[in-house]
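A.B. asks: Got a structure here, written out as structure tokens. Questions coming.
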Amino acid sequence: MAQAGVETEPKFQKCWHYFDKIQKYFVEVALFFFFLSRHMTLPLFQEYVSEEIHKQHHVKFLEMALEMNQANLSMSIKEAEHDSALSILGLQIAEGLPAVITVIILGAVSDRTGRRRIMLWLPCLGSVLYCLIYVLLMYTGWNLDGLFMASAFRGLSGSMTAFLAGATYFGINSVKPHERVSRLAIQEFLNGGAYAIANIMVGFWVKDSGFLEPYWFALICSMIALLISYFLIQEIPQSRDSPNRRRDTGNCLKDTFTPIMKYFKCGQNKPLIKIWLATLAFQSYALVHIGQENTMVMFLGGQKYLHKTHLEVTGLSVSIGVFLSVIMVVAALATALTPALFKRFLSDTTIIILGFLSKALGTLWIAVVQNETVLYFAILLLAFELLPFPMLRSLVSRDIAPADQGSLFALMHCGESLIFFLGPLMFTAIYAGTLHYYRATVLIVSIILLVLPVSFTLGLKFLAYKKPEDYEPMEESQAESNIGGEQRIETREPSEFSSLANEPISFIQLGANSTSTA
């Protein structure tokens, strides 16, 4: 019996060893299920709200409504479409505005306490409540005003911006510095793959069985992401003398939010200037990408050469939806596979500009072609459109200590909450205002707006000119403090070396005792 116990113990330890190896990748599993639910609910809620409001205005499907008086039909449709647009925009605002504030608070609190999982499981909990309220509304027939409560819950939980900030932190600090871009590229691949799968599923599923079953599926995906985030993802240990752990003035608000304010005191601090240039490039490109994404269906739906394959599915074209999903799948695959290859020959900023160029060429191709077969070549031209996102996240984290990265990624992603309803609103207004002059004007404008992220990236390239990208020279005062720091490191326990191994060669510490100049 004793011998059997001895044999069982090594097997148990071996299984635990394998589990420990793969545990750091549970973040990506949770990310896939979270965004599969998120990308499903985005078109679902728009379709559901539009259908319910059209019912309130007694507007039937087109083939049944043709029997009605044409003037009355036109007026009813216009009123229904107007109310639908206002309701959808209101729901997006009810989620987006609270998320901007929540993600900053979560980032600051996670830095203060060292508990990063809250940026993962809290958005998942908000997604669960969001889907649950929609399911209950369909079963009970309550007033649609309850949907604003669902959006508010998801916004107050941090929404997708908080989850992205948390996933970026875990992805960067779970691997060695030279592996960060590849890890973030995998996350971008899973996000893009979830987008493609969700949009294809929604189109066919709603046609066959209505809205209830897709919302149940989205609820289950959110539950899976919540359970993985809360129970299976472990916190990344920090060193005991982390600047955040030493910061204690007795004022909780001051101790928590002071590091965030120091990001706005750039002065002559080159690393902070680089961080803001990368953040602005990220946000301006996200504005173009998200805004264009929401007008592409309307643009392609109005092209006469696509009408013969235009199949209506509760207001969405299956053929166009599949086309856009294939674009996203190819872009996601390219983002996951090419960064490691490109980094052998190109700098990070050059790879980012390559992504902008891919976006511009693919968009221009879609704008000018007038043949369905030729249109599919845009899939290849847009293959690198997602590359700037992981590359810019990696650049931003390069010169900041892990203890301060929660606030950093919160600031970087909080603007996305605004962009997710301001971007579509701005691009839709441009499309509607220029529709009668030149339908592709909105795509041309998006290409012109790419000048903004390109300019910020060129600024990054200028700052990195003739200097290694992974190294920032330290001032004498910094060097002296590091000399004393080496003696402190010698007294640390072995377990603390693992948390320091992933830190960059030099970084800014935004704590109260930071030596960086403001």
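Here the Cβ of each residue, glycine as well, is placed from N, Cα and C on the backbone.
Any TrEMBL annotation is an automated prediction that lacks curation.
Features from TrEMBL:
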- 25-45: transmembrane segment (TRANSMEM)
- 85-106: transmembrane segment (TRANSMEM)
- 118-139: transmembrane segment (TRANSMEM)
- 151-172: transmembrane segment (TRANSMEM)
- 184-202: transmembrane segment (TRANSMEM)
- 214-233: transmembrane segment (TRANSMEM)
- 271-291: transmembrane segment (TRANSMEM)
- 311-337: transmembrane segment (TRANSMEM)
- 349-368: transmembrane segment (TRANSMEM)
- 374-396: transmembrane segment (TRANSMEM)
- 408-431: transmembrane segment (TRANSMEM)
- 437-464: transmembrane segment (TRANSMEM)
- 472-503: region 'Disordered' (REGION)
A.B. asks: Give me the stretch from 118-139, 349-368, 374-396 with the greatest number of Cβ pairs under 8 Å to the transmembrane segment (214-233).
C.D. replies: 118-139
A.B. asks: Among 151-172, 271-291, 437-464, point out the range having the most Cβ pairs under 8 angstroms from the transmembrane segment (408-431).
C.D. replies: 271-291
A.B. asks: Taking 3+ C-beta pairs under 8 angstroms (sequence gap of 6 or more) as contact, is the transmembrane segment (437-464) in contact with the transmembrane segment (184-202)?
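C.D. replies: Counting Cβ pairs under 8 Å (6 or more apart in sequence), the transmembrane segment (437-464) does not reach the transmembrane segment (184-202), since there are fewer than 3.
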